[in-house]
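Undergrad: For reference, the structure I am asking about is given below.
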Amino acid sequence: MKRRDFSALLATAPALGAATSAHAQGGPVEGRHYQVITPPLPTAPGKIEVVEFFWYGCPHCYAFEPAIEAWSKQLPNDVVFRKAHVAFRANVKIHQRMFYALEALGKEAAARPAIFNAMHQQGLTLDDAKSQAKFLSPLGIDPVKYQEAYNSFGVVTKCQQAEKLSEAYRIDGVPSIGIGGRFLTSPSQAGLGQRLSELELGQRALQITEFLIQRVRNKA
């Protein structure tokens, strides 16, 4: 979801006309299906980091979640995956705090399906710490410990780091995928010029991500 589209909450990916697969045309094209990050961002040696930038309230992120969750469980040993929650506006910052508070408690991955379902199927906004704590309590997350984590210096620092990383990758929409500090793609960009479903867009983005992982691995 683009920054400018947040208030509209568009629920479908852009359909820009039918075309054949990017791979059938000779592979992903720089500037069309992915972007090069210049200068490259510093990364830990020996590992290729893949970062999904997302927002709990983004319908495209919700649609993409099953595919990237399954994909992230089958990565080779030299690839590490993590999520980074964006903070494009005030209520999104509150959701970002929820993400990092849950991560600090070791509960984010377990709570994520329920959060996505609550926001996209039940219409809950979860846009303050009190309502978040109440919602999370039946999931086994102590409300007091949650609010302590939510207000902790460590979580505030994590949010600041996530915002800096988002700026460094020049994120203007979610979901987006950063690869090795060198490349950026997304479902909408990966399917540019094609009329594809959300599922197909996600699959294409992951194919391009694997292509870019190989480029990082080969230092190409």
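In case you wondered, yes, glycine gets a Cβ from its N, Cα and C as well.
From a predicted model like this one, the values you see are computed outputs, not experimental measurements.
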Undergrad: Based on the record in TrEMBL, give the one of CYS58, CYS159 in a disulfide bond with CYS61.
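TA: Disulfide partner per TrEMBL record: CYS58.
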Undergrad: Based on Cβ atoms within 10 Å, give me the single least packed residue among the disulfide-bonded residues CYS58, CYS61.
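TA: Counting other Cβ atoms within 10 Å of each of the disulfide-bonded residues CYS58, CYS61 gives the minimum at CYS61.
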